[in-house]
């Protein structure tokens, strides 16, 4: 049958060649499956070795106590929440018809309050793209209103029906977009290196845990001795999208680190690179200590590098000064950016115009050039053994202990 079809199409193919092609396909499929199985077994062996060495269980003693405290608080909150929900359900069942009638009378007031809360939420969570869509929707409403002798009743009914259909399509598109964003975020959080619930999360590198922020060390070789990361506990994408309490706690960590390195005769630089908004990477605020003489020259190096980076003709201001106001008040929400702070004296920010031309290691590259560090250390990072990481965590914990504010009762 296959031979006759091949002949009918203008070329002849023998049964032997067809069989050979099928055999090649089967072999290729078998090779793919074999490779996938080998990779899976390799990953399982790696996990088992990691478990036997205790890599997935070892933590600093203070961090272990803090995590136990967290789990206890979480269980207490969960019990209270369940109790409150049960009580609310019982009260709801006991409501009389009179109360329901009163609720209907007061629905107009409550609806206005709910609309106001929705507006506040949309303003807080929305981006520039959402505002543009809202403007276009408002403009389209006025465009539909026409006057004159040629606008008949039939035209009005047709335009109203089209508007209802368009609204339905918009709601469906918004629902699909929300589902896609939720799935993307869930997939990203599952393999995120900085989320507590992730299987990839290296708990042995945590130094301190606050209320909504924690301090940890990088899972690759440090750029300089004392290189550390300030990270939100929840999966937040950028400093411009943070709540006030999280940002304040990050600043508390920042002040303590500046004081710690000052006592050691060092300056420190804080970096944040926010790129790939669609990929929803976890926000990381890096702290890199430098010698005093290098730290004094750092603003000049960074200013020159930022002015020469990215596009020659940019839509936004090339260099944003952060000495008088922080990044959250300087860069609009939803825009990709790079920011650098020099100790507690402010710094610079740059809105990234073309993310393909702007490297994610931009800040580290400048520091690497200042300290004459080999490129592979700041470009991709060099892997460390578990024992080296454990020693690094123990040493940094000793440095941090006198400046640790997370042990106070307020935390």
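From the backbone N, Cα and C atoms, a Cβ is placed for every residue, glycine too.
Of all ranges given (69-113, 114-158), TrEMBL attaches the label region 'Disordered' to 69-113. With DSSP classes pooled into helix, strand and coil, the tally for the compositional bias 'Basic and acidic residues' (13-28) is 14 helix, 0 strand, 2 coil. Averaged over the domain 'Cwf19-like protein C-terminal' (312-406), the predicted model has a pLDDT of 89.
DSSP labels the residues of the domain 'Cwf19-like protein C-terminal' (312-406) in these numbers: 37 helix, 14 strand, 44 coil. With DSSP states grouped into helix (H, G, I), strand (E, B) and coil, the domain 'Cwf19-like C-terminal' (181-303) comes out at 51 helix, 30 strand, 42 coil.
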